[in-house]
Amino acid sequence: MDPLSVTASIIAIFQLTVKVGERLHDAKDASTERSQFTTETSNLSSLLLTLLSHIDESSNEPWHTKVRELGGKDGLVYQYRVALEQLKDKILGGHGLKKIAKTLLWKYIKEDAESILLRIERLKSLVQIALQMDHFNLSQAIESRMTSMQNDNKAIKIGVDAMQQDQDRQRHHLIMDWLSSADFSAQQSDFIARRQEETGFWFLESPEFTDWVSGTSQTLFCHGIPGAGKTMMTAIAVDHLQKTVQTADIGVAYMYCNYKRQADQTTSSLLAAMLKQLVQDRPSIAKPLWSLYDHHEVRRTRPSVEEMLGALQSVLVDYSRIYVVIDALDECVHDDRRELLSKLRNLQSKTGLRLMATSRFIPDIVEEFNGLPKLEVRADDADVKRYVAGQIKRLPGCVRRDDALQKLVQNKIVQAVDGMFLLARLHVDLLLDKDTKKKVKSTLEHLSGGTEALKKAYDGAIERIDGQLPGKTARAKSVLSWISYAARPLTTGELCHALAVELDEEELEEDNIPDIEEIVSVCAGLVTVDEESNVIRLVHYTTQDYLKGIREKWNPSAQHDIASTCIAYLCFKTFRSGSCASDAEFETRLEENIFLNYSARYWVEHAGIVQEEVYGLAMRLLQDKNLVACAVQTKSMPGYKYPRYSQDFRKQMTGLHLAASSGLLHLCEGLLSWTVKEKVLPVDSKDSNGQTPLSLAAARGHEAVVKVLVKREDVKADSKDNNGRTPLWWAAGGGHEAVVKVLVERDDVEADLKDNNSHTPLLWAAFRGHEAIVKMLVEREDVKADLKDSNSRTLLLLAAERGYEAVVKVLVEQNDVEADLKDYRGRTLLWWAAARGYEAVVKVLVEQDDVEADLKDYRG
């Protein structure tokens with residue numbers, strides 16, 4: 001059929017009208033639109049068929065020529081036909097229906113339908129003109145309508161483009177939130193705000209730094225003693241890079257590691273934070289992340305390190321050079337630190353990446369930078385002098401009014417700090433309560449330097465705290481204990497609300513919330529508030545080390561007080577309504593209850609060592625299913641938001657589920673007695689994932705809880721969850737050897753039971769590289785060691801392709817394991833190990849008599 005024939009178009013329109021009308025007849029919530037659409041399209045079809053009867057396709061008369069132009073590619077009849085075809089395809093499932101959320105589809109259909117109805121009105125008037133008016137007027141009308149239509153098309157295109165750009169912006173923001181929640185920019189702003197003017201130039205002007213910025217050096221390692229000012233130098237360096245070299249072609253990324261956030265400082269997380277900084281303001285180069293997001297978001301998983309590296313490498317192609325600055329490598333976990341440096345060095349070999357890192361002088365970290373440029377960070381005398389001069393306004397009037405005494409203060413502190421900037425701050429604080437010149441001079445004479453001086457300065461701060469009024473001393477002890485014991489950095493709001501909790505009250509009394517300025521003032525300079533991030537923290541990580549050494553004697557009830565506060569907060573009556581039914585409701589709850597997030601996530605951590613002391617309070621929480629539901633929902637909150645994210649948590653969790661999964665043995669025993677006595681939910685009840693308390697305890701390796709539960713008659717030791725996985729399966733995959741031993745020795749536990757994916761406990765242990773568990777299981781007669789997964793991969797292949805040398809050794813020694821078995825593509829485990837560079841595994845395999853080193857895969 002000729003696409004430019006007006007006759008063909010009218011016939012096609014008639015057929016399309018019937019098809020679309022039939023489909024809309026079945027549509028939900030579209031009765032009004034369906035009725036209007038059906039009526040209008042039917043009326044137009046009748047008019048068009050009438051017009052068709054007047055058309056002579058072979059005639060060259062002006063009237064026929066003008067009418068036939070309506071069927072051309074720019075003609076109104078042809079465009080109406082195309083619009084109907086597009087609508088039909090959308091309704092019938094074409095053109096990306098599967099990719100578009102159903103909630104958006106009807107919006108698009110409605111907009112298309114409205115556009116078509118406008119076309120119908122125009123076309124109806126033209127057809128009526130064609131049937132009623134003279135030839136001259138018809139030609140003029142058609143030309144006018146065509147011009148109007150072209151203008152409409154341009155306006156529609158502009159609107160569609162704007163809508164697409166808006167959707168792309170929203171998608172970019174969504175992906176950025178998903179990629180990383182780290183906010184290093186807030187820390188950067190806080191550090192730079194504290195910088196004393198005209199300090200740090202010695203660092204920026206040093207040959208080592210200038211060569212790293214614009215010379216040949218790709219790496220610069222900056223080491224220094226604790227308190228030397230490494231973090232401030234990092235902030236100054238980042239600020240300098242952002243102001244002098246950062247362009248669309250040159251990127252800057254930075255990370256501030258923190259001993260309080262080690263769980264969030266995995267290699268994958270830090271690479272994600274780095275990637276986010278490089279693409280956040282450049283959406284056009286973020287496309288490599290789209291497919292990564294689409295793959296993982298639907299599965300609620302996170303990208304692997306290799307996936308992050310792949311995305312980074314794709315993004316770095318758009319930069320001629322990038323500067324990566326990492327502060328406090330020594331505050332990262334050893335394994336994460338080593339892996340991160342290894343991956344960054346790999347990127348350096350392929351891209352224009354330049355790396356600067358700071359750390360204390362720790363041998364294994366220094367070894368990582370062996371042979372590379374180094375720069376020691378020390379408190380520069382001129383910088384210290386400027387800092388002290390800037391602090392004079394805080395000192396007593398006897399100092400502020402005496403220029404000579406001010407110079408003495410500056411000189412004495414410069415002499416004492418000996419390269420440790422932190423000491424300058426602490427020494428200034430020592431003078432705050434010295435209200436006479438004699439006291440000031442006496443204090444200055446006794447200032448000392450070095451590590452011992454740091455301890456002495458902290459001792460002095462504690463003495464000043466203890467010398468306050470009792471109420472202020474108690475407040476300071478509470479604040480310092482909270483910050484010291486906290487599982488993660490606390491915001492000022494969280495700490496203030498925690499301090500306001502009263503154990504015998506069921507709600508927070510607003511009048512009991514302390515003022516943050518008062519909190520800081522009673523702590524003798526040991527705490528500070530980061531204004532940008534609103535986090536309250538200790539002035540230095542050495543302060544944390546110091547408090548760890550004294551806190552149990554200085555404030556022995558701290559852990560009990562903190563655990564009790566968290567539990568009491570979770571028992572507030574506002575949470576007795578249970579979990580929230582929507583994202584909006586959940587977000588409102590978090591906004592109105594500032595301490596809920598922390599208490600729900602970390603009460604278990606604080607209660608673990610004081611279970612007996614908080615028993616009564618904890619039982620009040622765990623015996624209330626609604627309070628449990630609220631706590632579980634809050635604890636399960638992901639690091640980024642997506643539609644209905646608040647509902648992505650385990651339902652039907654009992655207090656026993658929660659206590660067992662947390663390893664709270666004493667509380668589990670109390671709940672078991674209460675459950676039997678009160679005849680509430682069965683001990684072996686399942687949550688929405690089909691897991692019992694035993695299953696959760698086994699998955700997390702809580703041996704003592706497993707032993708208590710598994711010996712009960714009302715607990716099934718081999719219960720399956722929704723995926724067919726048993727407690728043994730979970731323990732084996734988690735590497736919990738002691739729990740596996742407890743379970744596998746029971747007669748009522750099937751050691752080789754398959755889950756819904758045909759994975760056994762042994763297969764999962766091999767897949768995760770747990771040598772001891774693999775050895776324990778393969779030695780059993782009731783366990784098959786030659787099992788294959790759904791892709792025909794054996795246990796040995798799974799271990800070999802992941803480089804688990806110890807597991808490979810265990811498996812090749814088994815008589816029922818074939819070491820040279822191929823996968824479905826003809827690749828042996830030797831091929832996999834060699835391809836991935838696992839030399840140790842290759843060595844184990846080639847030593848086997850039944851392994852052929854020259855076997856070929858399906859491609860030869």
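Each residue's number is its place along the chain shown, starting with 1.
Heads up, the Cβ atoms here are built off N, Cα and C, so glycines get one too.
According to TrEMBL, the feature domain 'Nephrocystin 3-like N-terminal' maps to 199-360.
Across the domain 'GPI inositol-deacylase winged helix' (474-547), the prediction's mean pLDDT works out to 95. Sequence annotations record features per position, and here TrEMBL assigns domain 'GPI inositol-deacylase winged helix' to 474-547.
DSSP places the residues of the repeat 'ANK' (689-712) in helix, strand and coil in these numbers: 15 helix, 0 strand, 9 coil. Residues annotated as repeat 'ANK' in TrEMBL: 689-712 (among others).
For 723-746 (among others), the entry in TrEMBL reads repeat 'ANK'. Within the chain carrying the repeat 'ANK' (723-746), a Cβ under 8 angstroms from the stretch's Cβ atoms is held by residues 690, 692, 694-695, 697-703, 706-707, 710, 717, 753-757, 759-762, 764-765, 767-768, 770, 772-773, 776-777, 780, all 6 or more beyond its ends.
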Notebook entry, point to check: In the same chain, who gets a Cβ under 8 Å from the repeat 'ANK' (689-712) while lying at least 6 residues past its ends?
Noted result: 650, 654, 656-657, 659-665, 668-669, 672, 683, 719-723, 725-728, 730-731, 733-736, 738-739, 742-743, 746
Next item on the list: Work out, from DSSP, the number of helix, strand and coil residues along the repeat 'ANK' (723-746).
Entry: 16 helix, 0 strand, 8 coil
Next item on the list: Go ahead and report the DSSP secondary structure tallies for the domain 'GPI inositol-deacylase winged helix' (474-547): helix first, then strand, then coil.
Entry: 37 helix, 10 strand, 27 coil
